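A.B. asks: Below are the structure tokens for one structure; questions will follow.
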Amino acid sequence: MNEEGITRTQFIPHSAPISALKFGNDASKCMLATCGEDRKLKIWDVSRAGQTAAHSFDLVSTGSGLNFNSEDSKVTTGLQNGTIKLWDLESCKDFRVLSGHRAEVTCVEHYEYHKSNYLASASMATDIKMWDIRKKGVLLTYGEHEAAVSCIRFSPDGRSMLSSDRDGIVKVWDLRSGKSVATKSDAAGEITDLQFHPSEMLFAASSQVETIVATLLPHLR
């Protein structure tokens, strides 16, 4: 603990700049995943200081999107070459490779509502894809953005998806119809992140011009 009362944990770094990082969902597991330009995926136990990674995996391309499933048993990496790899942390092996994006994958988000096992991914080529992980196939491609997609999030009830792009556009998608039902375009600059309230239909969007806007989802419909 330093003089400000903050505890710092330092890890043995990647051999190149870090390109993505993500904490696991279960705070008790203290898991952190990182990708680097050294084409490595590393899983850390952040409760232990000064350690090497608990798991280290080789990637065929630099990781640009990263996420855990809800149980923190699997990690998904979106890569700069447009492919997506899913890793099982128990067996320490990749078990799915998803190909279909024509450009760098910018973000990945697991959809595990209503007993589904899907994955949404977005790319620099402006498209969003919904995948069936079990069947390794694309269920639907969303293509209304005109700039690289920067973020995707699912609503707490699993019925809607938000997506944002580098032109500052936020779109609301009805997952049952696969259609865009609203567009919000009053942000100045690229949307850097989207976050839903854990139980309410309220989301916040941050942008490069240091603004945060909170919006009730029903007001956009």
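Easy rule for this one: first residue shown is 1, then count along the chain.
Keep in mind that glycine also has a Cβ here, set from the backbone N, Cα and C atoms.
Sharing the features that TrEMBL gives for it:
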type	residues	note
REPEAT	11-54	repeat 'WD'
REPEAT	66-97	repeat 'WD'
REPEAT	98-141	repeat 'WD'
REPEAT	142-183	repeat 'WD'
A.B. asks: How does the repeat 'WD' (66-97) divide up by DSSP, counting helix, then strand, then coil residues?
C.D. replies: 0 helix, 19 strand, 13 coil
A.B. asks: Using a Cβ cut-off under 8 Å, which residues of the same chain at least 6 positions beyond either end of the repeat 'WD' (98-141) come close to it?
C.D. replies: 64-70, 76-86, 147-154, 157-158, 161, 163, 165, 175, 178
